[in-house]
Amino acid sequence: MVESLADYEALAESVLPSDVYDFVAGGSGSELTLRRNRAAFDGVTLTPRVLAGISEPDTSCRLLGERWELPVAVAPMAYQRLLHPEGELLLAQAAAAAGIPYVISTLSSVPLEKIAAVAPSWFQLYWLKDRVIGLMERAVEAGCGAVVVTVDVPIMGRRLRDLRNSFALPPDVGPENLVDKVTEVRAHTAAAFEPAVSWDDLEWLRERCPIPLVVKGILDPRDARRAVEAGADGVVVSNHGGRQLDGVLASIDALGPVVDAVGKECVVLLDSGVRSGLDVLKAIALGASGVLVGRPLLWALAVEAVDEALELLKQELRDAMQLAGCADLAGARELSHGRP
Ligand code: FNR
């Protein structure tokens, strides 16, 4: 029985090949940051308000100029056809039905145009050598509402599970937005990504990008300021789900200083470790405008339960808001919070 979003992982593990399970579940190095993301969320305490007279909490929000049913987006995640033959299309359709944005990965295993046709989408851009403008223009042409530039992957983190498994993509799953033939994901990153990308490049892209631009992978408030100075409309406080530099702080711990630095000037989103509606509420209370959810939705995809998973997340958030005495997300932002 599935009673919480976190329940899908065990179900998925029982149906997936173990190397695919490891590719999704794993982090880099000793997985210190992967574990820290969860420990830090668990350590956040909220102080509820009572007698708030709420019958139906309102979970809706505005992000990047549009109204959404939940302050949640589907995180960009590569190669979703590893989990289910329909991959990105199934998860994007569920996002559309739930009224939340779907973030298309540069490395999606279904072409971005097909995904953008079924869901309100943002496009995640990896800085691939010589191909940034072409991909950005395709995303704009396809009707994506924002470009999300991921800045924490100059090279791929050392993901020991994948190295030990000699993880390789099956022949029928590949990066459909690119002409590249990929089997070894790590070797592809090393060959195709531009490692020396800089703030100048971001400013150059900002000048050419006609839609909102969000920078994903910020942990230091000084970088958040640089992003705003470069013209970013938003930042995602993220450590890539513990998959890049191991040992970095939990993103929920990085959130407060980033909100203090740029929260009045741009949208501040958060990902890495969100596993429940309660975690969404905690992130909002700590100053996020919204969150991205990653692995739990891939686990749900593996067992063809993405609609149910997003409904469960919404119900968890509503229950948490009602128990905390929050009529809406503005009320959630007023909650007192702390650490034990
Ligand atoms: C990712 N992530 C990611 N990020 C990105 O910007 N582009 C990408 O293509 C991918 N691909 C990807 C694949 C897989 C299998 C995972 C698990 C993650 C990172 C993702 O967007 C997000 O930052 C984290 O997954 C958030 O952490 P949680 O929710 O998984 O803990």
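Cβ atoms here come from the backbone N, Cα and C positions, even for glycine.
Automatic prediction, not curation, is the source of TrEMBL annotations.
For His240, the entry in TrEMBL reads active site, proton acceptor. DSSP assigns His240 (active site, proton acceptor) to a helix in the three-state reduction.
According to TrEMBL, the FMN binding site annotation covers 76-78, Ser105, Gln124, Thr150, Lys216, Ser238, 271-275, 294-295. For Ala78 (FMN binding site), the number of other Cβ atoms no farther than 10 Å from its own Cβ, over all displayed protein chains, is 19.
The feature glyoxylate binding site is assigned by TrEMBL to Tyr126, Arg159, His240, Arg243. Tyr126 (glyoxylate binding site) counts 23 other C-beta atoms within 10 Å of its own C-beta, drawing on all protein chains shown.
Here TrEMBL flags 1-340 as domain 'FMN hydroxy acid dehydrogenase'.
Closeness to ligand 1 is met by Pro76, Ala78, Asp271, Gly273, these being the binding-site residues among Pro76, Ala78, Arg159, Asp271, Gly273, Arg275 whose Cβ falls under 6 Å from the molecule. Within 10 Å of the Cα of Asp271 (FMN binding site), the following recorded positions from the list Tyr126, His240, Arg243 place their own Cα: His240. All chains included, 21 other C-beta atoms sit within 10 angstroms of the C-beta of Arg275 (FMN binding site).
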